[in-house]
Every structure is written in C-alpha cells, then in structure tokens.
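**Student:** So Swiss-Prot has the following annotated:
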- 140-196: domain 'CBS 1' (DOMAIN)
- 200-257: domain 'CBS 2' (DOMAIN)
- ASP292, GLY343, ILE344, GLY345: NAD(+) binding site (BINDING)
- GLY345, GLY347, CYS350, GLU514, HIS516: K(+) binding site (BINDING)
- SER348, ASP383, GLY384, GLY385, GLY406, SER407, TYR430, ARG431, GLY432, MET433, GLY434, GLU460: IMP binding site (BINDING)
- CYS350: active site, thioimidate intermediate (ACT_SITE)
- ARG446: active site, proton acceptor (ACT_SITE)
- 517-539: region 'Disordered' (REGION)
Amino acid sequence: MGASTRFRRQSGKVPYNSTAASVIIARFPHRITFGCPRPRGNENGMFDDKIGDLGVTFDDVLLQPRYSEVVPSEVDVSSQMTQRIRLQIPLISSPMDTVTESEMAIALAKEGGLGIVHKNLSVRRQTEEVLKVKRSANGIIVNPVTLNPAQKVSAAAELMDRANVSGIPIVEDDRTLAGILTRRDLRFLEDPDMPISQVMTRENLVTAVGNVTLAQAEKILTEKRVEKLLLIDEERKLTGLITIRDIDMMKRYPRACKDPQGRLRVGAAIGVGDYERAESLIGKGVDVLVVDSAHGHSRNVIETVREIKQNKSWDIDVVAGNVATAEGAADLIAAGADAVKVGIGPGSICTTRVISGIGVPQVTAILSAVKVAQEKNIPVIADGGIRFSGDITKAIAAGASTVMIGSLFAGLAESPGKMILYQGRTFKAYRGMGSMGAMVKGSSDRYRQKGTEAGKLVPEGVEGRVPFKGPLSDYAYQLVGGLRAGMGYVGTRTIEELRRDAKFIRVSAATVRENHPHDIAITQEAPNYSPDVHSGDAG
C-alpha cells in the first residue's frame, strides 16, 4: 500500500488480511483501502469490480491521541453549514416529525446550532413553524406584525398565538402608529368582537425616532420600565420594534445562530419538485432549504436543486441529500447544492440497508463524499449513526463540517414526539421518516412512493421510543463537551484543523467491547453515557 493511502498497516509482521491487523488512517483526505480480497472474474473480468473496498463506521475506528497544548475549553467548535451560514456548534437537528418543529429549532439556534423543520406538515403549518422561530428572538424587528384599530380583539388573540408574540403594535392604514395591544389588555375581556380601538393603549407610548442602537434601546426600556420600544419616523409611521426580551436573550445566548437582522436562523425540508412549499418558506425568511430524499443521487433531486438555485430571486442556500458516494456528492454539487448530506441507512430507526440491501458504512461514506466536496469548498453534513459524542468527533475528523442529529435529540423536552410512560420510566416517541406511520402522514415521497396507497407502502423505518433526556441546553452542552475533549486529545484548536490533521486507527471487535464500561454494574449513570444505547435496549 502506498504512502497516499488513507489507512496503513502498523507492522509488516502482521498478515495483510488478518483480522488482528491494526490500520492507521493517514493524512486527510484520501479514501479508505483495506485490500479486501475480491472474487476472481471469468475471462471477461465481469466480476472484477463487484466487491469494493472494505467500509467502516464509527465503532470500527478510534482517533489517535497526539501531543497537545490545547485546552478543551479554549477550542473553537464553530463550523460552516454552507458557505454563507456558520454555526457556533456543529449540530443540526434532523427534519423528522418526532424531532424538529419550532420549539426544537429555537432551542438549538440559541445554543449556536440549527434546526430543520420537517415537511410532514401542510405548507401553511410548516411556514408558521418557521415564522415562530424567526419571531422568537430579534435584534431590531424591521417588519413587526401589526393590526388595525378597527379589527376585533379575537383577531389579536389569534395572531399573538400564531406569531408567538406578547404584544402587537396597532397602526392605521398608512402605517401611522395608533397604539399597542398586549396580552395583559386581553386577559379579562369577555367580548371577542370588541374592536381593538376600545382596548388598546393609546397614551404614553414609549417610542424612539430614527436609528437606535440596542444599547440605547435597553437604556430607554429600563428607564421607562416597559418591555417594548416602538420605532417610528418623523411622520410617526411605524418602522420597527425592539423588545427587552430580545435584548436579554442576546445577553444570555451570545453564541446564538442568528441572521444579519438578529433573528434566529432556521431551515426547512422540502420534497422533490415542491416549489410551492419552497416559495412560501423563502417568503417568510427561512435561511436554508433541505431537499430531503432517501436517495439524493437521483434525477428528481438533482433537477429540484438545479431549479431552486437557478431562480435568482429566491437567493436561498440549498442542502441536498442523502448520498453515500463520491459520485452522488459530485452530481449534487454540480447541480448547485450549497452543502451535501451524507448517510444512507445508518440511523437507529432506519431499515433501508436490510430491506433494500443498499448502503455504505457511514465513515466510509463521509470520506468518499468529502474527497470531491472539498475540491469545490462545499461542506458535508454527516447524517445518521451518531450514538455518542465521540461519534461527532469521528464524523468531523473524517471530513464532515457538521453533523445532523435525530435519535439523540428525539428524547429531549423540545422534540414534538409524545411523552410515554412505560414500566415506571419516561420516554418519548421516535420514528423514522420511512416508518409506516410517517409515510402515511406524508413522507412517502422521500422514499419515492408518493401516491401509493397505505396498504402498498414498503416502509424503510420503524417506530419506537427513546428515554426522556430533559432540556436541550444541558444535553447539547454534553455533546459539545465531548467534541471539545476529543479536539484536546488530538491537539486541534478548530474544526478545520480536526478535519485536516486527525488520524484514525482501525480496531477489532474486542476493542469495541473494551471501549465501553466493562466488568462493572453501573449504579449511577453519567449524563453523557447510557448503557441502553450501547446495548441497543430502549427500555
């Protein structure tokens, strides 16, 4: 094996095909080669290329420690999701109907990651979920929701719930400020048909004219002891809004993932050819679209990506997938994808590999995609197979820029899955988008079975439960803490250095057993390790 190969034998004394061989992954980005023996072909050589190189996944490798002067708390874990979107932590929540809606997306964006709202919703409902995220935190709200004084208070109550706001500026038809209406004004009203003009606050409105910095706004709000500062021009027309809640949020979450207007970033999934959904989401400020398919290396996905990117008026970043080969990544990049999502079948709830016989072990898939993606400076997202924080470190060391999380986030308080009490323990429902329930609800197009009646669907996923883990903030801290620790062991200060410099060693099945706690009965679980995950037992 040449010096350019990704893996190398440690010693010439070990037989080449021995299962005891230890193989080191050399410098990024060359592909894995293990010299897996291939069947002999006939005189025409028709079988010569039937079996490719041996593939590996997360449990098959470990990162080698190196001399380090890096302290884990000092590393920079920010990374590119696309060329225009940089995350402060390299975590993205999966567009699954038991993982990501607005609550999950808000919580993750506050921590510095990004959530992708699933598409098993109507266009209107998915758009509303995106709007909830965009309106949950702002610097200066340039286009706040407003109502007219003649409208009914019932319309105000409905808008507050839908937009997740506690107060609404009231303006005349020409945008002249007339007053403000808050939830407190509606609390004891019995007549829902009463006009807003009879309830709203008209006098002593706290306003500011012209450009106002957030520091100036905070001073005004503190002095006046109010929660909202209305921004107006010289003609008293409403130009924006600043809230004390948003100022407090920016102080509490300084690493939040925000757009140039100070709003939290959010993504949304769409199906192939779903341009109506794409247009609606883009119109409401979504930051990135994910063309979501089980087989991203297909004509319909490629055409969808190309069509969206050629529409210059949309000007939106597009993530496309899923793929598991260099060829798949190359074709999506050629179509205009701003990031490529890698992973076919590694997810805990996915049965694609056993039902269809298709897939590539995840580390090998990442390495293959990165080999071509890096030439175009296109980030790779590792999607699936992440069971521990160490797998995040391995995925990035293999060349991914970020990882997409499903099962680990499904058990969090912010996920939309329902709570389940089973044998005295609390769980949350979790299902694959290829499960029968999810496909019936709307995800059948992801598996190229759109329009198929329920009795004829061929599922590629299962439904189950995962242990309840509490709030995302605590859990994300542990995941990122594991990544920081790994970077400290390897001696890399940034995600880019980890991708470039880390080296792997291939391990045996005995080593995998040795990796986990052994020869002990665990009496107190750690917040970042569950023996249930290792054993595959969900309770």
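Glycine is treated like the rest: Cβ placed from N, Cα and C.
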**Student:** For the domain 'CBS 2' (200-257), how many residues does DSSP put in helix, in strand and in coil?
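**Tutor:** Per DSSP, the residues of the domain 'CBS 2' (200-257) fall into 20 helix, 16 strand, 22 coil.
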**Student:** How big is the IMP site in terms of the longest C-alpha to C-alpha distance among SER348, ASP383, GLY384, GLY385, GLY406, SER407, TYR430, ARG431, GLY432, MET433, GLY434, GLU460, in angstrom?
**Tutor:** 16
**Student:** Can you give me the Cα-Cα distance between SER348 (IMP binding site) and ASP292 (NAD(+) binding site) in Å, rounded to a whole number?
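**Tutor:** Per the Cα atoms, SER348 (IMP binding site) and ASP292 (NAD(+) binding site) stand 18 Å apart.
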**Student:** Binding-site residues GLY384, GLY406, TYR430, GLY432, GLU514, HIS516: which have a Cα within 10 Å of GLY345 (NAD(+) binding site)?
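**Tutor:** Passing the 10 Å Cα cut: GLY384.
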**Student:** Counting each residue once, how many in the domain 'CBS 1' (140-196) are helix, strand and coil under DSSP?
**Tutor:** 16 helix, 16 strand, 25 coil
**Student:** Considering only the binding-site residues GLY406, TYR430, GLY432, GLY434, which fall within 10 Å of GLY343 (NAD(+) binding site) when distances are taken between Cα atoms?
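**Tutor:** Matched binding-site residues: none.
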**Student:** Given the NAD(+) binding site residues ASP292, GLY343, ILE344, GLY345 in the record, what is the largest Cα to Cα distance, rounded to whole Å?
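**Tutor:** Maximum Cα-Cα distance: 14 Å.
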**Student:** Tell me the Cβ neighbour count for SER348 (IMP binding site), meaning other Cβ atoms within 10 Å of its Cβ, over all protein chains shown.
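**Tutor:** There are 21 such Cβ atoms around SER348 (IMP binding site).
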**Student:** Name the residue among the binding-site residues GLY384, HIS516 whose Cβ has the smallest number of other Cβ atoms within 10 Å.
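**Tutor:** Candidates: the binding-site residues GLY384, HIS516. Fewest Cβ atoms within 10 Å: HIS516.
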**Student:** Would you kindly give the Cα-Cα distance separating ILE344 (NAD(+) binding site) and GLU514 (K(+) binding site), rounded to the nearest Å?
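**Tutor:** Distance between the two Cα atoms comes out at 28 Å.
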**Student:** Taking Cα atoms as reference points, rank the binding-site residues ASP292, ILE344, CYS350, HIS516 by distance from GLY434 (IMP binding site) and give the first.
**Tutor:** CYS350
**Student:** From the Cα of GLY432 (IMP binding site) across to the Cα of ASP292 (NAD(+) binding site), what is the distance in angstrom?
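**Tutor:** Spelling it out, the Cα of ASP292 (NAD(+) binding site) and the Cα of GLY432 (IMP binding site) are 13 Å apart.
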**Student:** Helix, strand or coil: which one is TYR430 (IMP binding site) in, per DSSP?
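**Tutor:** Assignment for TYR430 (IMP binding site) reads strand.
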